[in-house]
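Undergrad: Can you read through this structure? Questions will come right after.
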Amino acid sequence: MEGRLINPVSGLPDTKNAPEADSSVLRVWGGHSLRGHVKISGAKNSALVLMTGALLCSGDCRIRNVPRLADVERMAQVLSALGVKIHRDGETLDVNAREFTTSKAPYELVTQLRASFFAIGAILARLGVAQMPLPGGCAIGARPVDLHVRGLQAMGAEVQIEHGICNAHVPGNKGRLKGAKIYLDSPSVGATETLMMAATLADGETILDNAAREPEVVDLANFCNSMGAKITGAGTSTITILGVSNLHSTDYEVIPDRIEAGTFLTAAAITHSELLLSPVVPEHLLPIIAKLQEMGVNVVEEAPNCLRVLPAAVLKAADIQTLPHPGFPTDMQAQFMTLLALAEGDSLINETVFENRLRHASELNRLGADIRVKGNIAFVRGVHSLSGAPVLGSDLRASAALVVAGLAASGETTIKGLQFLDRGYDRLDLKLQQLGAKIERVREVEADIAIATATNTVQPA
Ligand code: EPZ
């Protein structure tokens, strides 16, 4: 990335000042096996919420193993806009929220990063007032925040939504939230995290029932407890939080990214490769490993934090239903659809978490897959091979699924929409290159010329 402007906080190309940065595309030449060891980065969905958790503390918070992602850069911009001091040194982030200058988060940033809405819990807990723009929907669904709002109201907050802004304040009780018994209609990850943070500094005990059990929720609870919070039961569907008056400094390491690890497991499986992955927490990957084994792909624990995936000659068909953790993660559904597209037999994918998360099927069909979608069900008929073509990623995991497909497809696959990929993967293309993949990131114009030349050569014949 020489010659490009690098943002000091994220270590990523500075999209604001380098207009051509997100007009890059990936060119992938398939049919090459991968080998070696890949280092798994810190978890995006944990790092983001830990950054909001640091708002609960008026001391120094050091967060280690923070991945270099566009979303992390955006969250840092949200926190800075609130007056929080934030500094990055490699994969370490120092956050100091001693002085908020405002309780109002910037509209243009929050609407681009849904996870920043979860900060409403921490801001309200610290200041007794918060104005948070609604995050709005995205490619995969409407993504309402009603469960977040209802939980805060149960803890004594008054919440009005006007002009797309969620205005919350705590009347009385010196602006301090009160503990409450809250039942979540569905085990929302974000709502569990927002309310767990709010309850950390509340007056009294809060019980969250039907809470989300994702590893990232547990990581947030451990992070808050490392600052002196009293949270028990994280990882189960009942979390109890005994409010404390304030929190102290901490030095905490983010867990490895189970979805990045899962993505590399599918890349290895689709190229019939043997690969080592670490650091990982094998327990976090249980539903992913179980599905791979059902498809005939063996994954073994090489060491407590290291997995080895072994090549499978044939991929067997399998049915998938996405569910909240410990069910099969929706964030791995697209990558597995790619895998099942090359499996022997027919598979059914039922996406139950998000209402619009099967859009990658049509792009996979462009590569020669045979996938039919009806509502939230995808019917995948395995084909013998895929062939490269220009495709477009519609969201983060859909883009990753197209990269995995490109590794198996014959000829060249060109993938556009990298602004999605860079939101959630820390240098995926470079890591794949180091494992032997034929992949490169080029400027769109270069790829267009290459495609035009390639297709033109055909015509004269
Ligand atoms: C988190 O999103 C993750 N994002 C998502 O990862 C992940 O797909 C999702 O959890 C499910 O595992 C982050 O952690 C930043 P939810 P979140 O609230 O918290 C509905 C990725 O690819 N719902 O558990 O937004 C909602 O519409 C991203 O890394 C309500 O109806 O997910 C959805 O259908 C994508 N009302 C379902 O619940 C609410 O108030 C699950 O959403 C909240 C949610």
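In case you wondered, yes, glycine gets a Cβ from its N, Cα and C as well.
OK, TrEMBL features for this one:
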- 30-427: domain 'Enolpyruvate transferase' (DOMAIN)
- K44, N45: phosphoenolpyruvate binding site (BINDING)
- R114, R143, P144, V145, D146, L147, D331, V353: UDP-N-acetyl-alpha-D-glucosamine binding site (BINDING)
- C138: active site, proton donor (ACT_SITE)
- C138: 2-(S-cysteinyl)pyruvic acid O-phosphothioketal (MOD_RES)
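Show me how these features fit into the shown structure, please.
TA: Sequence-distant neighbours of K44 (phosphoenolpyruvate binding site) (same chain, 6+ apart, CB under 8 A from its CB) are P67, L69, D71, V72, D257, I259, E260, R423, G424.
In the structure as shown, the Cβ atom of V145 (UDP-N-acetyl-alpha-D-glucosamine binding site) sits within 10 Å of 22 other Cβ atoms.
Within the same chain, the residues at least 6 positions away from C138 (active site, proton donor) whose Cβ sits under 8 Å from its Cβ are R114, D395, listed in sequence order. Following the DSSP three-state reduction, the secondary structure of C138 (active site, proton donor) is strand.
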Undergrad: Over the domain 'Enolpyruvate transferase' (30-427), what is the model's mean pLDDT?
TA: 96
Undergrad: The record lists R114, R143, P144, V145, D146, L147, D331, V353 as binding UDP-N-acetyl-alpha-D-glucosamine. What's the largest Cα to Cα distance among them, in Å, rounded to a whole number?
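TA: Max span of the UDP-N-acetyl-alpha-D-glucosamine binding residues, Cα based, is 22 Å.
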Undergrad: Reported as an integer number of Å, what is the Cα distance between D146 (UDP-N-acetyl-alpha-D-glucosamine binding site) and N45 (phosphoenolpyruvate binding site)?
TA: 20
Undergrad: Where does R143 (UDP-N-acetyl-alpha-D-glucosamine binding site) sit in DSSP terms: helix, strand, or coil?
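TA: In the DSSP reduction, R143 (UDP-N-acetyl-alpha-D-glucosamine binding site) maps to coil.
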Undergrad: Which is it, of D146, D331: the one of these binding-site residues whose Cβ has the most other Cβ atoms within 10 Å?
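TA: Sorting the candidates by Cβ neighbours within 10 Å, the top entry is D331.
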